[in-house]
There are 4 protein chains.
Amino acid sequence: MKVACLTGGGDCPGLNAVIRGLVRTVANHGGETIGLLEGWRGAIEGNFIPLDPMQTDEILPLGGTILGSSRTNPYKNEGLVQKIVDTFHSLKLDALVAIGGDDTLGVASKLYRDYKLPTIGCPKTIDNDLSATDFTFGFDTCLNTVMDAVDKLRTTAESHRRVMVVEVMGRHAGWITCFAGIACAADAIMVPEEEVDMAKICETLKARRAAGKKYGMVLVSEGAQLKGQDFITKDAEKDDFGHIKLGGIGTRVAKIIEKETGIETRDVTLGHLQRGGSPSAYDRVLGTRLGIHAGRLAIKKDWGKMVALRGLHIVAVPLAEAVGTMRTLYPEFLDEAGEFLK
Amino acid sequence: MKVACLTGGGDCPGLNAVIRGLVRTVANHGGETIGLLEGWRGAIEGNFIPLDPMQTDEILPLGGTILGSSRTNPYKNEGLVQKIVDTFHSLKLDALVAIGGDDTLGVASKLYRDYKLPTIGCPKTIDNDLSATDFTFGFDTCLNTVMDAVDKLRTTAESHRRVMVVEVMGRHAGWITCFAGIACAADAIMVPEEEVDMAKICETLKARRAAGKKYGMVLVSEGAQLKGQDFITKDAEKDDFGHIKLGGIGTRVAKIIEKETGIETRDVTLGHLQRGGSPSAYDRVLGTRLGIHAGRLAIKKDWGKMVALRGLHIVAVPLAEAVGTMRTLYPEFLDEAGEFLK
Amino acid sequence: MKVACLTGGGDCPGLNAVIRGLVRTVANHGGETIGLLEGWRGAIEGNFIPLDPMQTDEILPLGGTILGSSRTNPYKNEGLVQKIVDTFHSLKLDALVAIGGDDTLGVASKLYRDYKLPTIGCPKTIDNDLSATDFTFGFDTCLNTVMDAVDKLRTTAESHRRVMVVEVMGRHAGWITCFAGIACAADAIMVPEEEVDMAKICETLKARRAAGKKYGMVLVSEGAQLKGQDFITKDAEKDDFGHIKLGGIGTRVAKIIEKETGIETRDVTLGHLQRGGSPSAYDRVLGTRLGIHAGRLAIKKDWGKMVALRGLHIVAVPLAEAVGTMRTLYPEFLDEAGEFLK
Amino acid sequence: MKVACLTGGGDCPGLNAVIRGLVRTVANHGGETIGLLEGWRGAIEGNFIPLDPMQTDEILPLGGTILGSSRTNPYKNEGLVQKIVDTFHSLKLDALVAIGGDDTLGVASKLYRDYKLPTIGCPKTIDNDLSATDFTFGFDTCLNTVMDAVDKLRTTAESHRRVMVVEVMGRHAGWITCFAGIACAADAIMVPEEEVDMAKICETLKARRAAGKKYGMVLVSEGAQLKGQDFITKDAEKDDFGHIKLGGIGTRVAKIIEKETGIETRDVTLGHLQRGGSPSAYDRVLGTRLGIHAGRLAIKKDWGKMVALRGLHIVAVPLAEAVGTMRTLYPEFLDEAGEFLK
């Protein structure tokens with residue numbers, strides 16, 4: 001059996017764990033695995049590297065993906081899909097494992113539906129916003145990166161009696177902000193799921209200062225949207241979703257807080273740091289398990305499925321059901337985080 | 001409402017997160033929380049500190065427990081249980097939240113059963129071997145500590161072409177060893193759940209060396225038991241379970257490997273390091289959520305229950321059902337780890 | 001003997017180590033130490049806390065300063081200097097240890113010169129740009145923070161075949177950029193000491209890409225100045241030193257690189273992260289030693305001096321000579337870094 | 001110009017930084033560098049790999065040495081030295097850079113003296129006990145590893161009100177113990193340079209407990225020697241230096257403390273962890289600079305020298321003068337550490 005795998009979309013820690021788990025499992029059953037380079041681009045161009053089972057031990061601790069990634073979507077350009085089918089046959093492949101987010105998995109789903117290509121999906125999003133799996137790898141490493149950053153910022157904020165605003169990833173879902181907010185003892189969080197009431201947040205920060213807390217810590221999703229226009233300068237650009245243009249919400253929020261509370265306020269945007277680094281133990285284990293089970297699906301010739309985490313177990317769900325729906329933060333978690341925001 | 005909490009047994013990262021979650025939730029409902037010092041000893045002696053909701057923000061990143069801990073079990077000495085009942089009344093308590101392992105929770109369960117004391121339990125074991133919850137806090141931090149240590153050891157092992165044996169916690173269950181083994185790309189793991197076949201492990205290590213891998217990494221639970229006696233010196237002490245006396249299995253295994261394979265072998269025992277450190281994001285979130293839900297049980301006057309993680313949710317289970325059964329490693333995980341041990 | 005200490009200016013890791021070293025040394029000779037709060041403001045207002053020798057053990061691992069800081073300079077407002085003199089006498093102080101940068105130490109120097117106040121200085125700048133000492137504490141922790149960040153960014157840059165531009169601290173001196181550039185295997189560094197030739201840097205990045213390197217890593221000081229105007233949009237604001245306005249050079253450089261090389265480029269500004277965190281071993285040792293020797297100067301009544309690192313030793317230099325001169329990067333280090341930038 | 005390099009003796013973080021610095025510098029002057037494998041063994045057997053200047057960027061963050069190491073000393077077996085000379089000529093080498101400790105450098109010195117081989121030395125010892133250089137790379141990373149471990153152990157020690165004894169490296173010199181002791185706020189340190197007075201240490205620990213400190217932290221060099229025999233069981237093995245046999249002093253000290261003070265005491269031996277891990281910024285910079293200057297010596301054909309750190313500068317000293325003398329801890333540092341041990 002000859003299996004190809006590829007990694008698509010934004011990278012995150014744990015991709016190499018999936019690759020290792022897959023390669024070893026396929027090898028244990030007498031098969032071989034190759035890696036297509038730079039997402040669907042490698043599938044289109046037939047560009048690949050062989051993957052050795054024993055050497056992949058060395059990639060487990062590495063962040064990112066040794067295969068490279070891209071946002072190439074073959075369904076956006078005529079003729080590219082056929083090239084993938086051609087590559088599949090010319091390389092004499094038996095299976096194609098696509099590791100990626102909604103976009104990458106959507107292609108795998110359609111290739112299975114339209115061309116009966118034996119595809120298998122593995123979910124990847126650092127934002128944890130895929131609907132068919134409890135958690136996605138990369139999310140835990142990201143939380144630890146945010147937490148370590150905020151732990152560093154806490155002492156400097158306290159030394160200068162400041163409020164510190166930290167902008168984290170999350171365009172449409174607040175998983176990172178909410179979980180990191182709990183883990184960092186944030187005084188306020190702002191997520192895309194709820195319109196942000198800056199007046200209320202400023203009140204909370206002033207009340208805590210008055211009660212003796214010498215610093216404040218605020219976490220804001222890049223996709224958070226502020227309520228009303230009172231606090232917002234008129235030139236705030238908005239994207240197609242009506243959100244304030246990304247990549248600046250942190251600075252904007254900091255300015256509002258400083259102006260409204262009179263407390264010196266600074267902001268930090270963690271940006272690409274959040275995608276980097278060696279995967280946490282949780283992500284190494286989760287990624288590895290998903291890779292193993294993707295391999296086992298291939299061996300069983302169980303096509304058109306995606307591996308997913310449910311409770312303690314890895315299960316298989318139809319790709320067609322898994323893609324297309326973004327999962328926003330469950331109210332349960334916002335409710336829990338709310339205990340600390342009053 | 002006046003709630004007391006205590007932490008019992010071996011400490012682990014995340015205890016302070018539970019305390020913070022509990023204190024804040026109780027405060028949000030108008031109640032107050034005090035902390036009994038050093039486990040059940042504080043309940044016996046009436047020794048406590050007040051816990052301020054806002055100040056507990058500062059304890060979230062701290063390892064261990066600000067309340068101190070002990071292994072005091074009031075049921076082992078006549079009269080001590082009555083002292084706890086007396087403390088409960090003299091301090092005018094409405095609820096008692098016990099955060100601990102099987103031993104600590106067993107006391108809480110019996111106090112509820114025998115004295116109708118309004119107790120609530122919160123599970124704690126770094127070994128992840130409690131039966132009523134998916135994961136226990138502290139376990140994830142421990143895995144990251146082991147992983148970081150093994151990542152450090154890998155380069156020195158490779159530089160000297162050595163096998164490195166790392167002894168980790170786990171007297172009767174191999175959760176840490178198995179999960180860390182996956183996260184660390186171990187060449188072999190040894191868990192209490194399976195008799196260890198040293199001959200087979202030595203064969204694997206020799207085969208990998210022959211195939212070009214320049215080093216070996218072996219993880220062994222402190223409670224692992226070696227099969228047969230061929231490799232074991234006759235003076236090996238055993239404990240009541242027939243296991244080789246703890247605190248030395250790593251050194252013993254290293255000596256066997258060096259002798260049988262001819263490969264230079266060293267060992268490291270991580271010991272108390274595994275209990276220490278600032279909790280990981282996962283453990284801060286899990287601990288906090290358990291603390292919140294313990295507080296909510298108290299507010300609802302839902303006694304004799306333990307908070308537990310099931311999938312994504314925190315649920316309440318009867319204390320009486322939760323204690324008394326150790327949870328050993330599920331075969332599913334050993335099977336998955338097995339893909340890398342062939 | 002009663003000694004007061006204060007911390008002024010931007011905080012950095014290691015301040016608490018100095019405080020601990022000072023407090024313990026003074027205590028060992030029978031004296032006591034108090035901490036004035038929030039820099040010179042505390043000296044003006046007589047606002048202080050007592051400092052216990054044994055409890056200060058617990059502050060050693062903490063970033064920032066337990067005393068708080070401010071940029072208050074008494075020489076900028078009439079009457080404030082006299083208030084400091086009054087505080088000195090009303091608190092019955094025998095010595096005043098000022099821990100801070102050029103501004104803070106300048107005040108200490110003038111108080112000694114003009115009022116014969118028995119002051120002692122301890123140098124602090126995360127930028128390592130004080131002239132009378134080999135290294136300042138905080139600098140090493142900062143380098144490790146930058147290094148950890150860049151290590152995280154490397155894998156995501158490689159996965160996406162990007163150039164990553166990282167903006168680090170350094171308004172007028174490139175110590176952080178140069179040392180971190182060496183420690184991070186940067187492909188290019190931009191420091192305030194040398195006008196930056198963007199055309200040359202873009203050529204280097206293109207050449208390396210052509211030679212097979214899949215990503216690029218560029219470190220830029222916040223105070224770097226770009227040569228010529230070819231690459232710079234006309235609206236670039238400049239500060240009084242003719243530098244492009246701070247807090248944006250990284251983004252600007254990234255845009256130029258992307259435009260000129262055609263390689264996808266992203267930027268990250270580390271900002272306040274660089275001041276935070278638990279001090280590294282180097283900074284804990286250096287800070288502690290400086291604190292000890294400041295205490296010993298006080299005991300010897302050797303006033304108007306600053307403690308400084310020279311080679312392996314802590315020495316005392318006159319405050320008047322130590323302040324007023326910024327130390328830019330030695331050409332020797334730029335020359336060494338240059339081996340990797342060709 | 002064709003340069004060979006090798007790494008000998010115990011590995012430590014920063015070796016790859018030296019290799020990178022050397023390779024790039026030689027390449028910048030038109031030369032090439034090869035790496036002899038596993039210390040002098042590679043020189044004897046002519047076993048080597050080519051070293052590419054650009055690819056060595058990737059090895060900078062790696063612990064250990066990509067060349068492997070061994071303790072092979074050609075002067076201990078007749079005929080081996082001649083084989084090195086033969087390898088030198090058959091590989092058409094122009095220079096040989098030996099990176100190692102006293103043993104490795106001693107061979108390089110004798111090869112230059114006896115055979116006029118153009119050798120250059122680079123000092124390496126994690127113990128910081130080489131006499132001709134201010135600091136050796138690896139030492140700083142080791143200190144941070146010990147510090148991180150002790151920071152982890154502090155909270156578990158405090159939770160259980162224990163004394164924790166941590167055994168660290170240092171057979172004949174106490175640099176690691178003393179510097180880490182300062183960085184970790186140890187209550188006691190035990191170094192090989194001073195006979196240890198256990199009675200006095202137990203008194204200190206009891207006094208601090210009585211004064212309210214809830215835990216104790218003790219750092220002991222593996223080569224520390226205890227004074228007198230009162231506390232020591234008669235079966236204590238001693239090595240040739242009269243020291244208690246290594247690899248057990250921590251446990252022994254912990255037992256004495258527990259018995260004499262009545263305080264529960266545990267011990268951890270950090271062992272090989274201390275050699276591992278990605279090098280700290282300090283060690284990456286120091287290693288890189290030494291590698292650059294070793295390359296520059298080769299280009300200048302300045303043979304028989306060793307590169308060394310003096311203050312801020314890298315200098316060259318004759319190999320013959322640099323080897324043969326172990327550098328024990330300067331009394332100045334013990335004196336400074338002593339401020340915290342009273």
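Think of each number as a place in line: the chain as shown, counted from 1.
Keep in mind that glycine also has a Cβ here, set from the backbone N, Cα and C atoms.
Remember, TrEMBL labels are computer predictions, not curated facts.
Secondary structure at B:Asp127 (active site, proton acceptor), taken from DSSP and collapsed to helix, strand or coil, is coil. Residues or ranges marked as active site, proton acceptor in TrEMBL: B:Asp127.
Sequence-distant contacts of B:Gly10 (diphosphate binding site), defined as residues of its own chain at least six apart whose C-beta falls under 8 angstroms from its C-beta, comprise B:Ser69, B:Gly101, B:Ile126, B:Arg275. Annotation comment: TrEMBL describes B:Gly10 as diphosphate binding site.
Sequence-distant contacts of B:Asp102 (Mg(2+) binding site), defined by Cβ-Cβ distance under 8 angstroms and a gap of at least six in the same chain, are B:Thr125, B:Leu130, B:Val323, B:Gly324, B:Met326. The Mg(2+) binding site annotation in TrEMBL covers B:Asp102.
In the three-state DSSP assignment, the secondary structure recorded for B:Leu273 (substrate binding site) is helix. The C-beta environment of B:Leu273 (substrate binding site), restricted to residues of the same chain at least 6 apart in sequence and closer than 8 Å, consists of B:Thr145, B:Ala149. The substrate binding site annotation in TrEMBL covers B:Thr125, B:Ile126, B:Asp127, B:Arg162, B:Met169, B:Gly170, B:Arg171, B:Glu222, B:Arg266, B:His272, B:Leu273, B:Gln274, B:Arg275.
Summarising the annotation, TrEMBL assigns domain 'Phosphofructokinase' to B:2-295.
Summarising the annotation, TrEMBL assigns site 'Important for catalytic activity and substrate specificity' to B:Asp103. In sequence order, B:Gly8, B:Gly9, B:Arg71, B:Asn73 constitute the residues six or more apart from B:Asp103 (site 'Important for catalytic activity and substrate specificity') in its chain with CB-CB distances below 8 Å.
The site 'Important for catalytic activity' feature in TrEMBL is assigned to B:Lys124.
Recorded residues B:Arg266 (substrate binding site) and B:Asp127 (active site, proton acceptor) have their alpha carbons 25 Å apart, per Cα-Cα distance.
For the domain 'Phosphofructokinase' (B:2-295), the model's pLDDT averages out at 93.
Annotation note: B:Arg266 (substrate binding site) sits in a strand segment as assigned by DSSP. The maximal spread of the substrate binding site, taken as the longest Cα to Cα distance among B:Thr125, B:Ile126, B:Asp127, B:Arg162, B:Met169, B:Gly170, B:Arg171, B:Glu222, B:Arg266, B:His272, B:Leu273, B:Gln274, B:Arg275, is 33 Å.
In this structure, of the recorded positions B:Lys124, B:Arg171, B:Arg266, B:Arg275, the smallest number of CB atoms within 10 A of the CB marks B:Arg171. The distance from the Cα of B:Asp127 (active site, proton acceptor) to the Cα of B:Met169 (substrate binding site) comes to 7 Å. Every protein chain considered, the tally of other Cβ atoms within 10 Å of the Cβ of B:Thr125 (substrate binding site) stands at 25.
Listed recorded positions (B:Lys124, B:Thr125, B:Met169, B:Leu273, B:Arg275) with a CB under 8 Å from any chain D CB: B:Leu273, B:Arg275. Taking the Cβ of B:Met169 (substrate binding site) as centre and 10 Å as the limit, one finds 25 other Cβ atoms among all the protein chains shown. If you measure from the Cα atom of B:Met169 (substrate binding site) to that of B:Lys124 (site 'Important for catalytic activity'), you get 15 Å.
Annotation note: B:Asp102 (Mg(2+) binding site) sits in a helical segment as assigned by DSSP.
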